[in-house]
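Each remark here refers to the structure printed beneath this line.
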Amino acid sequence: EVYFKNLSKQKQKEVMEKNGNNHKLRVCVATCNRADYSKLAPIMFGIKAEPQFFELDVVVLGSHLIDDYGNTYRMIEQDDFDIHTRLHTIVRGEDEAAMVESVGLALVKLPDVLNRLKPDIMIVHGDRFDALALATSAALMNIRILHIEGGEVSGTIDDSIRHAITKLAHYHVCCTRSAEQHLIAMCEDHDRILLAGCPSYDKLLSAKNKDYMSIISTWLGEDVKTRDYIVALQHPVTTDIKHSIKMFELTLDALISFNKRTLVLFPNVDAGDKEMVRVMRKKGIEHHPNFRAVKHVPFDQFIQLVAHAGCMIGNSSCGVREVGAFGTPVINLGTRQTGRETGENVLHVRDADTQDKILHALQLQFGKQYPCSKIYGDGNAVPRILKFLKSIDLKEPLQKKFCFPPVKDNISQDIDHILETQSALAVDLGGTNLRVAIVSMKGEIVKKYTQLNPKTYEDRLALILKMCVEAASEAVNVNCRILGVGISTGGRVNPREGIVLHSTKLIQEWSSVDLRSPISDALHLPVWVDNDGNCAALAERKFGHGKGIENFVTLITGTGIGGGIVHQHELIHGSSFCAAELGHIVVSLDGPECLCGSQGCIEAYASGIALQREAKKLHDDDLLLVEGMAMKEEEIVSAAHLIQAAKLGNTKAESVLRTAGTALGLGVVNILHTVNPSLVILSGVLANHYVSAVKDVINRQALSSVKTVDVVVSNLADPALLGAASLVLDYTTRRIY
């Protein structure tokens, strides 16, 4: 408020003289609840600070005036605003009908208020049913409407209400570039749209340096430290009340199990809110030593609480919008905020249908610190809004004009537009080659680049960057829009952080390597990294035999043996990212030594390296070559020679392949008895040579209940690249847990 009072009065005078208009703009700000007041208050302070331009009338209605929700009109009085009118508009009830009746009651009461105030313009915020009543009344009484936060996308009935208010409003203040584009797409006049940012960010971005420990102590107890508590704020979803109540119950169970001090705020006034309060009381939340249940926290104090929390959980728009300004971890539950733009601090749990899933999300997020996000504002929204208000010409016709796009008689499109496709850069780090490809959404490899994989870390990373930059440039020429970079690499990978933890012996100097940061910084694209076996499974899930299959296993048979496990449509990584190391299942206690240091692993029998080893032994004993085979003197013996010899009737070579196939089959039987998939996919250059042997072993050794499993050979030409691409194509829009 002090800031606005100190604005240059001389400049204001010059503007008024230039316009030749001494009429003060009479602005009515109507606030319905604690949430919209946090957005409207900064604007109200700005208007109040410029009395030579504006007259401010404040109308309070909705849950502000209900004791169960904290009588939050008092905070408006504490901010030294004169409340012109108080309207009791909430009809108490348990279902959707109460919301309809509340809108009707507001529509009955508002005309008299607006007739007395005769405002030039009414400022309406957001997407609540109360706001719809305000906008409807003002529109029908020929009062200009300025709508705050239009054009955004979320879940539930709020979306429909927000867009309905947009169509009634004459002027629009939006917070993000996407929201602005949505308003334009909805045929709103571009000249009447202001991209200002969220007004609450004007306060948020200067809030964190204030004294906060006393606030934390007041609301959570003196023994609570920063980053060691949770803020929970969850509202009913009016389009699916029963499910949202169940989700709230699971959330409370998870929070009780998580055993951290938690501040729980009461839900909004919506159908189902009373049932949510009953759930809280049934579980004893108000008397639980780890919980503090409150009806309302003043906004200044609330932002300090979320700024220093270890995590925020629930489905409030505050979590996906305001909390990003502090980098506080957020767990967004359910579909209420589906479609909102979010920072990387938000983890979405769309299907919050089990306590374990919510608890696991808490374990992933609690205590982290993310970069601060300014998606919704830069701290300068109010000056822009005030300037926008001053520019409104009351002499302009009141009738709205919609800017419909032209309708063309000729509906044909340019071929370049038709062919432009969303694509990914896929990187495959093999033991010998480094490959980069442009892969389309349909799994087509549009262009591929191959180089020998350098031996040192520095050379390898430099080559990856060089090849990715070249491929990204070429993507423009082939009408592809690159959404991100997916990397498939050997070894143990932490996909959450994009770090190669430990490499295989085939790739040197490739342990504890952060791949995500340098590549993302260089290309300005999101980057995903995973193990090559997991990538093969993802490729099958998106493009191959695994598409639509709930539970399946992929086995790669190549230089080594790897694989991936998909369970309930999700890839399994394991607690230390070591799941699906299928090549190191032990099938013999005294078998040959494996590269991992153990003995008797599948990889020691059935990998390309193992077959090459046995081929060399036969060749050294002059037992490999048979009639029809020839080798040059300098030619290196490989697994291919062993396979050729077996095809030409070499019984020794046939025995080696039979043993390898049996070892692989025994490994598959162990997998069937452990995770019980409905499908096993053999991938890689050796798959066709092993499929019959694997089926035979399953018929001999497996339990009868798993013998019906399908064993197929992959039909994908390049699963590593396709899997790397699927990392991008499946997860580009936002993180989903």
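Heads up, residue numbers simply count up from 1 along the chain you see.
Glycine too: its Cβ is placed from the backbone N, Cα and C atoms.
Predicted, not measured: the structure shown is a model, and the values here were computed from it.
Some features that TrEMBL has for this protein:
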DOMAIN    53-390  domain 'UDP-N-acetylglucosamine 2-epimerase'
BINDING   R492, T504, D532, E581, H584, E603  N-acyl-D-mannosamine binding site
ACT_SITE  D532  active site
BINDING   H584, C594, C596, C601  Zn(2+) binding site
Between C601 (Zn(2+) binding site) and E581 (N-acyl-D-mannosamine binding site), what C-alpha distance do you get in Å?
11
CB neighbours of C601 (Zn(2+) binding site) within 10 A?
29
On a simple 10 Å Cβ count over all chains shown, which one of the binding-site residues C594, C596 is most densely packed?
C594
Inter-residue Cα distance where the pair is D532 (N-acyl-D-mannosamine binding site) and C594 (Zn(2+) binding site), in Å:
19
Intrachain C-beta neighbours of R492 (N-acyl-D-mannosamine binding site), sequence separation six or more, cut-off 8 angstroms:
V500, L501, H502, N531, S576, F577, C578
Between C596 (Zn(2+) binding site) and H584 (N-acyl-D-mannosamine binding site), find the distance joining the two CA atoms and give it rounded to the nearest Å.
8
In the structure shown, with every protein chain counted, which of the binding-site residues E581, E603 has the densest set of Cβ atoms within 10 angstroms of its Cβ?
E603
Measure the Cβ-based neighbour count of D532 (N-acyl-D-mannosamine binding site), defined as the other Cβ atoms within 10 Å of its Cβ.
26
